[in-house]
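Annotation source Swiss-Prot lists ATP binding site at 38, 39, 40, 41, 42, 43, 44, 45, citing sequence analysis. Residues annotated as domain 'Helicase ATP-binding' in Swiss-Prot, with sequence analysis given as evidence: 25-414. Annotation source Swiss-Prot lists domain 'Helicase C-terminal' at 430-592. Swiss-Prot lists 621-656 with the feature domain 'UVR', giving sequence analysis as the kind of evidence. Taken from Swiss-Prot, the feature motif 'Beta-hairpin' applies to 91-114.
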């Protein structure tokens, strides 16, 4: 068994050694939950890595979105080059779930686009968890959604070893049952081919390696790993384990049992709908389900097969579905990053999913068992999670309750940077005072971030500052990803001096050039001016050694008092540490990366407009990718009509892209 081994020129410093020791002591004493309070720039990921190395336990790290998960995955991959670091997020580039809008009698079919690379990485993650112990899986919160049963996944695995006998027809049949396709011409991931005494398999978890099985009669003589593009032999293997090309593979007996269960539920549901005098729903459900049953009988699968997952996994109604958590060993370790965001997300996912599916069941589009194809309820996740370390600069109520309010702190930054100075000024005449502060900050060569309470206020303030000839821009939720990057680049370069926003902490801004963060109407209690929001916003000025924060308030609220007191407490600890060790804080100098050319155009295009506005396929693809992100956002917000409109626009643009290419 391989042990975890960090490869890095850095060693734990500042608060890190103490924090690592405290967390490990808590794990050793069987504490189920611990809280690692790490401020921005304190080295939380490096601290997590050292805890993993010291405990030597398989680990799952949950992040609240794909972007953050990818960041952590990249860092862990560089720290643990000799161990299995895997990435497990939703493999959909675009996902429009089935939905029914009763008020317009509109049924929207499921539509999705699967990212092959992410699907490969998901297979690599589950395979690693079943094959070895030195595994780190970095996942988004989507890991609480249903996945194929690990028992069936492992049970159907084909174990190959040289010297063993494998009847040829049986082996080929086993590969087909694993949902591998025979393709003797086009050899790609998830396929196998037969040439004489050789069988080549392209495993589902590889993109650039395949296996060649060399037989003498029924005896397997050799297993060679080779490059599927060049045919070059890369290694000779002692064994090979072939897992399913899908996480939902199952033996024929399981399929037959599932069909019987579906038929039984269908009859009960049809009787119920008839008793409710719902002929349309009765006919619709019978027609749709009978078609699915025919497909299952003939092919072993059907469109939307996941809606029958309860029958395939042998679970009872209401029982939790199998998820990635069932692939983890009993002694696994869990980190929940940015837990103040991740935990509420986990809590909300079940209700959103059930609300949509309940409508489908009520109107005869699905059987009630479709409700069991779902994410875990929060209580189920809480029950299944192994020993857990929550990680956040601003812990939420659940984490604090679970840990009894005890936190392990990471306050000292390796750079020596201090938390910013906080100044409270009256909200009366706040705009006039802000203008004076903007002048002073710009004269020092720094930038300014201003956060307001409403969109109208942000728009008016931006327009007013522009009238006064200040280079000002406005960042809001309708700004698309590439435009947002462009605005931030302009801010860092000095093309923009002032950036106004409503919820800047959500935007995740890290601007080393920011010398001032101004929080208008800081005394208006609510989500945008809560203790957590204020601390996160104050942190935007922590990348600059001269960073300041001004909170405009006519009264001292509990949130302001707690946020400012906490910032001052951290600042004093950091100052004392720097004085003791002779550290001089220095602003972080990060390179400003150039953006590719970006076309700002209206999203409502026809083919002719697409040809006119995009003079090459690359530019058109950029816009198509942007629309896909908008579709994903609309679908996740349950805005199904908008998602369908965007999907129709995409089809037109994709036809144009095909012609352009």
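Using N, Cα and C of the backbone, Cβ positions are placed for all residues, glycine too.
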Please work out the number of neighbouring Cβ atoms within 10 Å of the Cβ of residue 41 (ATP binding site), leaving out its own Cβ.
18
Return the count of C-beta atoms lying within 10 angstroms of the C-beta of residue 42 (ATP binding site), excluding that atom itself.
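There are 26 of them.
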Whose Cβ lies within 8 Å of the mean position of the Cβ atoms of 38, 39, 40, 41, 42, 43, 44, 45, the ATP site, other than those residues?
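Neighbours found: 47, 393, 410, 413.
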Including all protein chains displayed, how many Cβ atoms other than that of residue 44 (ATP binding site) lie within 10 Å of its Cβ?
23
Under DSSP, is residue 45 (ATP binding site) helix, strand or coil?
helix
Rank the binding-site residues 40, 45 by how many other Cβ atoms lie within 10 Å of each Cβ and give me the one with the fewest.
40
Under a criterion of Cβ-Cβ distance under 8 Å and sequence separation of at least 6, what residues of the same chain contact residue 39 (ATP binding site)?
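The answer is 393, 410, 411, 413, 419, 539, 542, 570.
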Looking at the domain 'UVR' (621-656) alone, can you tell me the average pLDDT?
72
When DSSP is mapped onto helix/strand/coil, what comes out for residue 38 (ATP binding site)?
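DSSP assigns residue 38 (ATP binding site) to strand.
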In sequence order, what residues of the same chain, 6+ apart, have a Cβ less than 8 Å from the Cβ of residue 43 (ATP binding site)?
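When sequence neighbours closer than 6 are ignored, residue 43 (ATP binding site) has 13, 14, 16, 410, 413, 414 within Cβ distance under 8 Å.
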What is the Cβ neighbour count of residue 38 (ATP binding site) at a 10 Å cut-off, with all protein chains included?
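I get 24 for this one.
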